[in-house]
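Under the heading transmembrane segment, TrEMBL lists A:6-27, A:34-54, A:60-79, A:91-114, A:134-156, A:222-247, A:253-275.
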Amino acid sequence: MDLAAIVALNVVNGAASLFLLCLGLAIIFGMMRIINLAHGEFVMLGAYAAVIAANAGINIWISMLVVAPLVVGLFGLVVERCLVRFLYGRLVDSMLATWGLSLLIIGLTTTIFGNTMQGVPTPLGGFAIGNYRTSWYTLFLLAVALGMMAIVYAVLRYTRFGLIARAVMQNPDMAAVLGVNPAHIYMATFSLGAAVTGLAGGVLAPVSGITPVMGSAYVAKAFITVVGGGAAIISGTLSASGLFGFINQLGAYFTTPVYGEVILFLSAIVLIRILPQGISGRFFKGTV
Amino acid sequence: MPISRRKFIKTSLSATAALASPAISTRYAFGSDDPIKVGSLLDQSGAIASSGVTMVTAMEQGVAEINEAGGLLGRPLQLIQYDTQSNIQLYSQYAQQLALKDRVDVVHGGITSASREAIRPTFDRFQVLYFYNVLYEGGVCDRNTFCTGTTPAQTVEKLVPYAMKNSGKKAYILAADYNYGQITAKWMTKYMQDNGGEVLSVDFFPLDVTNFGPTISKIQAAKPDLILSALVGGNHVSFYRQWESAGMKGQIPIASTTFGLVNEPSTVDASVSADIYGCYGYYEELDTPESQAFVQKLKKRWPDIPYISELTAANYEGLFLWAEGVKKAGSLDRMAVIEALESGITYKGPSGDVTLDGVTHHTTRNAYLAQVKDRKWNVLETFKAVQPSDTAMVCNLKDNPRDNQQYVIDIDS
């Protein structure tokens, strides 16, 4: 019984961290059709921002939840102004440019901070369910994922900015006719996506190995999840990260981590073959 | 006197050739003042860079010291190094370049076992002497190659019984999913069984796994007395952090064949690294005069240098072992140097006496068992002059000089 509870918790944790990792990408890719191959490096920058702030004496919670998204959001703003704004509608070019950007970020980070980095201790402790122990941090990640989901949903669904952003994504020309400057909306949305990604990096920092190349471990899974989820940002990403997190964690538990990854990628291939528009293209049409 | 254009060109060309001939003939015929070319292939960027960067400092320091002392055979050393960028394809490419274009006299390099197996055949084919100065899973048997780092019989064999004595007889093995991890896991299993222990499970992890939640639950379900880890790379450091945050720290001891080689004790929190056992050929904390002098030299030249581990010390010692071989042979001829090295060269380096074993082309060297305390390695036991007995079981280059393969231990469990 306690084992079942702990495995269930692992599954939920896997899904929650996947959701956090993908949400920013879903905003950028799902809304603007920019394939941001530097997504993993945005995660890495978030982790670095959190760790550096925490090591400089700033409260760990503020470092993770405020400093990391702020830094990466600002960085995203600069990237959008200098690079991405020339690439809207040019899918292949955007891949090439952001891949170059990812190499640049890795190189710069290595040059400035070196190959290894002093990490921060994981806050909160562990707790026991029966004979099994796990960390409170697992539950914290879940809470952050739920919180982010609520915030992004509320912003897109209930605010004026959300309405305008969705309108621009659907039909930029019509939105421009109605007096909206699409360039500003793109800029704000890209920056928002980067900030959400930075937050994911920040909260994952205490449980990850912090290196300049850590981003590459996340980027493939994040893309598969976003593509598997389809166009709807919240419902698509949520359903896909739930499904893939479930498959990956249970696969890793009942077989080995190697097969856990194999099963994950196999099921992603099958899913995209059956549902080329992603889960939300079939089941949650018209949702956010 | 009128000079035709044709005559002018003829005369000036022949004059140039005559003037240049001493340089050309010296270069190709005598070469007595030319530098000796030492090739080095190490990853200075990418995922393996955290290992490679400090190894480069050791090579540069070693070459500088040899040159300050007047070089080898009266000639200076010239270091030709390429950054292989953690990319196996670049290893193959630069290996060919070192062998064919730069025509180096020796190559020191390779970090992962995968990189070594990518370049070793190239140096065999083009007959360039090759030194691999990194601890690895053992078993390489090749007359052109010298492996100067520690092998499992020198480290794992000491680590497993010591950790068992301080915990219990049931172990859970976690290892990286490539040739180093796979073979090291076999050695761990063998030494567990040799000491009357039992292995509950062996789990392999691709290098990009970052979430160890399911594994930590599985370990708790299996209830081992001891965890043996051959996890590799920055992503796998997550295991130690997630283990600590689950409150498992102190409940089950961890012994590792990789933790601490690339600065881990100072990059994770003290509470994460505390009490982990390790066994390597060298630690920065060793207080012998040779070790302290070595550490001071590197820290003086590179004040920001991260932790100096066996990787760095063995790379330095590898260069000097080769230099001793050249001195003894009195020439740079490849076979003469190999035979000199096989005769039992000893160099007293930062880790103590390192002796090349002619039969296996591996080294007899000291091993040190240590435990992390407060971000530092606390050396608990010293094992003097440990033989590379794992490779010696399968490899005899004296009787079979033409042998060329990597043996993999076969454990019937």
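Even glycines carry a Cβ here, placed using N, Cα and C.
A TrEMBL annotation is a machine prediction, not a hand-curated record.
Distant neighbours of the transmembrane segment (A:34-54): 21, 24-25, 28, 60, 62-64, 67-72, 75-76, 79, 84, 87-88, 91, 94-95, 98-99, 101-102, 105-106, 109, 113, 117-120, 190, 193-194, 197-205, 208, 210, 212-219, 222-223; these residues of the same chain sit at least 6 beyond its ends, with a Cβ under 8 Å from one of its Cβ atoms. Cβ atoms under 8 Å from those of the transmembrane segment (A:60-79) belong to residues 38, 42, 45-47, 49-51, 53-54, 101, 120, 123, 144, 187, 190-199, 201-203, 205-206 of the same chain, restricted to positions at least 6 beyond its ends. Using a Cβ-Cβ cut-off under 8 Å and counting only residues 6 or more beyond its ends in the same chain, the transmembrane segment (A:134-156) has close neighbours at 6, 9-10, 12-13, 16-17, 19-20, 23, 27, 65, 122-127, 162, 165-166, 196, 199, 203-204, 206-207, 233-234, 238, 288. Proximity of the transmembrane segment (A:222-247) to the transmembrane segment (A:91-114) is not established, fewer than 3 Cβ-Cβ distances being under 8 Å for residue pairs spaced 6 or more apart. Through the fold, the transmembrane segment (A:253-275) approaches residues 7, 10, 221, 224, 227-228, 230, 243-244, 247, 281-282 of its own chain, all at least 6 residues removed from its boundaries and within a Cβ separation under 8 Å.
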